[in-house]
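Trainee: Shown below is the structure under consideration.
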C-alpha cells in the first residue's frame, strides 16, 4: 500500500544491543537445559535417582514446549517482542533461584520444579530469533542476525557441557558434592537475574522505522485481517513447509538426543572421563556455531536455500555414520574430531531451517513457522532420546547411534523433495522494481 512507500526504511543502532541481550539470556536458559545431562552420572548419585530420571530433566524442556508453543506464539503476535522478552528472562531467573532450594539429596522434586520453570522460559525464547531478525535488521543482514540469535542458545549448550564437569568434580562425600552444586546454582541465578534487569532497561518493542521493505509492508497491513488459527492452518496446507517441518524435526531431534545422552555414551567407552565427555559436547557445539555462522553468511550472499539445506543434511548423515563407527575405537582424540565434524553440520543446519521456513511461508509470521519447526524438533527429540536410551541399555551405544543414522537418512531423502518456493525473496524483488 501507499503506507509502505512512505515509511522510511532505516536501520536502528540499538538493533545490536537487542540482539546481544536476547542471545545472552537465551544462552543462560540453554545452559540450564543441559547442566544435568553433561554430568548425568554425578546427579544420579547425588539425588539417588535413575539415569532415566535425570534424562527427564533434559526432556522436560522438550515436553513443556509442545503444548505451550501456540499460546506463546499467539502472545508474540498480539503483544509483541518486549513482553515475550520480559517473560522469558523473568522465568529463566525464577527457575534458577528455585533450584537453589534443592541442595539436599532428598530434594530432587524441587530441582524438577526449577527445571520446569526454566523449561517454561524456553517457550518464550526459542521462537524469537527469526522474529527479532525480521523486525530489527535489514534484508541483507537478516540471515546473519538470525544465526547470531540462534548462536546464543548454542553457546549456552556449549557452556553447559564445559562448566558443570569442571565445577562439580565426582567426589564421594555428599556434603562436598552439595557444596560444589550450590556454587553452580548460585552463579546461574546471579547471571540470570542480571540479564532480567538488563532486559527491563534495554529491550524495545521495535525500532523507530522499519529496517526493510518486506517489514514496512507487514507494518502497513491492518492487524484485523490477521487470524492466528488461519495462519497455522495455511502453514499446515503448505506442502513444502510440511516437508521442511518433518525433516527439521528429524535432524534437530537427533541433535537433542545426542546432547542428552552424550555423557552416558562417552562414559560407557571411556570410564572416568566426565570432563572430557563435557569437552566433546563443547566441541560439537562450538564447531556447530561456526557452521551456523558460515551458513547464515552464505545464505545472505547466495539465497540458495534448498541446495544449502540439502548439502548440510547429507553431511550431517555422513558425520553421524563416521561418529557411530569411531566412538568405540578407544582413541578419545578421534571422538573429538568426528564429534566436531558432526556438530559443524548438525548445528549449522539450525538457522538454515528457520530462514528457509521464513522464505517458504512469507508473509506468515516467523514466530509461527519457527514455532512449528521447534515443536517438530521437540517431539522427535523426546522420541529419539527415549528410544536411543533404551537401545543403548539393551544393545549398546553403536546400535543406539545407528538408530539415529537411519532417521537422518530418511530426512535427507525427504529434503530432496522440497521445492524452493522463495516467497520473501519475491516480495523484496517486486518491491525494488515498483
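Think of each number as a place in line: the chain as shown, counted from 1.
For all residues, glycine too, the Cβ spot is worked out from N, Cα and C.
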Trainee: For the feature transmembrane segment as recorded in TrEMBL, pick the matching range from 241-259, 260-278.
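Mentor: Feature transmembrane segment in TrEMBL: residues 241-259.
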Trainee: What stretch of 142-163, 241-259, 308-325 shows the most Cβ pairs under 8 Å to the transmembrane segment (331-350)?
Mentor: 308-325
Trainee: Could you tell me the mean pLDDT over the domain 'Major facilitator superfamily (MFS) profile' (18-423), as a whole number?
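Mentor: Averaged over the domain 'Major facilitator superfamily (MFS) profile' (18-423), the predicted model reaches a pLDDT of 89.
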Trainee: Counting only residues 6 or more past its boundaries, what in the same chain has a CB within less than 8 Å of a CB in the transmembrane segment (371-387)?
Mentor: 55, 58-59, 61-63, 65-66, 69-70, 72-73, 126-127, 232, 235, 241, 244-246, 248-250, 252-254, 256-257, 260-261, 353-354, 357, 403-404, 407
Trainee: At an 8 Å Cβ cut-off, counting only pairs 6 or more apart in sequence, do the transmembrane segment (106-130) and the transmembrane segment (399-418) clear the bar of 3 or more pairs?
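Mentor: Between the transmembrane segment (399-418) and the transmembrane segment (106-130), which are separate recorded stretches, there is no contact, as judged by 3 or more close Cβ pairs.
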